[in-house]
């Protein structure tokens, strides 16, 4: 179940037995405790749990070895060790699938979404880079274009006509209005 090379846009999550294999692992440990504590070895509950975990999770059998008295007990020991290894490997495989999917699909999809948003933003900035909002030197041609735009919108000679047909006067020179504000109360230039 390698998910690294799958397309993150179209990948759907698989149903893997993560929780069920965890339940089976706990049930297997309980069965091994019952078998080892009551029937085969009589080594105690904690030592049986330790034996169960070390025998299925490691290569060796650990400190405790199964001590079967006949062939049937030997077959039972081999069966529960093999079953435990199978259940534990299914549990690890399902968790590794979720871990890989989190990093290689979900996180990759999220990063792709962020990249796409920033790419579109950057693309629009390049496309509209000729539009500037910073003050620049204005030429007489700019004023002519602004006057024509103002006439189209109902502004004529400092008067604005609203939707009801009433006219109101506006200041034509906003620069001189701002210079009075910046230079002083009466429009006098401050001494340098």
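The backbone N, Cα and C atoms fix where each Cβ goes, glycine too.
Unlike curated records, TrEMBL annotations are generated automatically.
If you look at the transmembrane segment (20-37), the same-chain residues 6 or more away from its ends with a CB under 8 A from one of its CBs are 43-45, 47-49, 51-53, 56, 66, 76, 80, 83-84, 87-88, 90-91, 94. The transmembrane segment annotation in TrEMBL covers 20-37 (among others).
According to DSSP, the domain 'Potassium channel' (30-94) comprises 48 helix, 0 strand, 17 coil. Under the heading domain 'Potassium channel', TrEMBL lists 30-94.
Under the heading transmembrane segment, TrEMBL lists 49-67 (among others).
The transmembrane segment annotation in TrEMBL covers 79-99 (among others).
The compositional bias 'Basic and acidic residues' annotation in TrEMBL covers 152-172.
Summarising the annotation, TrEMBL assigns region 'Disordered' to 152-192.
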What parts of the chain pack near the transmembrane segment (49-67), using Cβ distances under 8 Å and only residues at least 6 beyond its ends? 28-29, 32-33, 36, 40-41, 43, 73-74, 77, 81, 84-85, 87-88
Let me know the model's mean pLDDT on the domain 'Potassium channel' (30-94). 85
